[in-house]
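First the structure, in the form of structure tokens, and then the observations on it.
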């Protein structure tokens, strides 16, 4: 029994069957990659997991509880954090403030009318945020306006923000899309380290095979809205069905 | 002190000192000089400065922090005013129950309006609040609820004011012919102490100081909110709601709380308006009044602490001072010129003063929005930076190179 169990999930947009009969089980503490050609339904599937979309059929269970019908913030409070394809951070706020917000969310829950205490007097949150910034190698940038960070730093910040919530499952949507090679390798190293150091499950949607094969210990290939194969990386590499799905029949 | 950071504390102290000495500061010209019409140190106007300051400070908690632009906040000011006047009709002419009721009732109404309007964001939210405000204006103007129940709720076109015959169960009955006057435990709002020094006359008005005290409390509260985790979440709403929702935070109650708080500030302002001048009409709920607070906030500086107070002051100053300059006054100003020339200058200047004061406001507003998007506060900051820089450069010049 995995930490995330997807059963028979289907989703239709008008005439397009984006997902059909998706079954997926993500094991605790694994790094599970979901790959597939463009239009395979990877992003739709991800959106069904985090509450952005509600599937037409099937069930999604996280740690034995259904996530369907819950708002994104509720699902997040259950322990699923999401990293977006383009880094989503609080651009108007400083790097430190960016890091403090998830710490508050972890400590105080979805809503807390904490209007009369000074932010800077919240020592526990402040310490945790500073600590996480150090871990992300961003301590020297703590007072920077986060919108002026580089793409790679924004990504690090976003991952750090997700981690400071101590999620059990971290979902990453093409975390290296649009990155230079050096930044991509840094991100891979960071994610490797996270997977090794923490009691965390990582699910990653990715195009870049270099990233997938450096990180994943389990891979699901999605094609035309349905899982084609699920296997270990070594077996995926040589699987003719996968080659066909990616490169067309001529390959 | 007051659990504030040093810079915030000094800002609060500066504002406190300025409001305390406003009767001096706003009266720089001797009473019988030609410039005395630019004096703003009379009670009625000073009261407006601080009351609309409260209104704008509250509005800024919603608009400045969350970015939600409400176009119907004057409705809450009006609701506060009506609540206050009913306290004065039913309970007592003491302003305390009136002010408390104005805040509470405005809070309740803004909760309802916010609950519905916050289903949408952006322009749709603005339009919803505008629609609510105009409905409430129409309800007040036609006194529909009063008519339905065969009585009076808002007094329709004529509005409401305390009458001698009102029940006022806590007060002793007034003599027939006496005027009910608002007071704070016997201290009448209208009572003033006048101080004559040389050619100057300074007026210290009880009502002004009570409203100023309320403004300082409201300002202090807004500083605390700005610096709190709650305030940080409101800025997060403005910055990236998507990230907020995926960080386990429910943005809806945060925005609703901000909406209700700013509605209560508006109610407080409405209650104080009634305390200072015991009458209310529906026109203060009209959409132009809602637009005014938007202009005040933007003029002063959205999202800054002191900006809205500045914006309110500047706008109210222009409304009251520029509008008093009529053709007669202009003629005396330009009388030193030859006839044809003075006529020309009078015609040009007349476009911008008197009833046309809105044109001046419009021009200033345009200039600020284009050249100082951060409002007057940003203007002040730029000036400050320039002085600091030129000071530093001078220092650098005097230092010999090593």
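The backbone N, Cα and C atoms fix where each Cβ goes, and this holds for glycine too.
Keep in mind that TrEMBL annotations are predicted by a computer and have not been checked by a curator.
Residues 1-2, 39-41, 45-46, 49-50, 202-205, 208, 212, 215-216, 219-220, 223, 305-306, 309 of the same chain sit 6 or more residues outside the transmembrane segment (B:9-26) yet have a Cβ under 8 Å from a Cβ within it. Annotation comment: TrEMBL describes B:9-26 (among others) as transmembrane segment.
Summarising the annotation, TrEMBL assigns transmembrane segment to B:46-63 (among others).
Residues or ranges marked as transmembrane segment in TrEMBL: B:94-116 (among others).
The transmembrane segment annotation in TrEMBL covers B:123-141 (among others). Within its own chain, the transmembrane segment (B:123-141) has Cβ neighbours under 8 Å at 68-75, 78-79, 82, 109, 113, 116-117, 154, 156-157, 282, 285-287, 290, counting only residues six or more beyond its boundaries.
The transmembrane segment annotation in TrEMBL covers B:206-226 (among others). Within its own chain, the transmembrane segment (B:206-226) is flanked in space by residues 2-4, 8, 11-12, 15-16, 19-20, 22-23, 43, 46-47, 50-51, 53-54, 57-58, 60-61, 65, 95, 99, 182, 184, 187-192, 261, 265, 268, 272, 275-276, 305, 309, which lie at least six positions past its ends and keep a Cβ under 8 Å from the stretch.
According to TrEMBL, the transmembrane segment annotation covers B:253-273 (among others).
Annotation source TrEMBL lists transmembrane segment at B:293-315 (among others). Listed as Cβ neighbours of the transmembrane segment (B:293-315) (distance under 8 Å, sequence separation of 6 or more from its ends, same chain) are residues 8, 11, 15, 49, 52-53, 55-57, 59-60, 63-65, 69, 71, 73-74, 215, 219, 222-223, 226, 266, 361, 364-365, 368-369, 374-378.
Per TrEMBL, the feature transmembrane segment maps to B:336-353 (among others).
Residues or ranges marked as transmembrane segment in TrEMBL: B:359-377 (among others). Sequence-distant neighbours of the transmembrane segment (B:359-377) (same chain, 6+ residues past either end, Cβ-Cβ under 8 Å): 295, 298-302, 304, 306-307, 310-311, 314-315, 318-319, 322, 351-353.
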Paired segments the transmembrane segment (B:46-63) and the transmembrane segment (B:253-273) in contact, 3+ CB pairs under 8 A: yes
Feature contact check the transmembrane segment (B:336-353) with the transmembrane segment (B:253-273), CB under 8 Å, 3 or more pairs: no
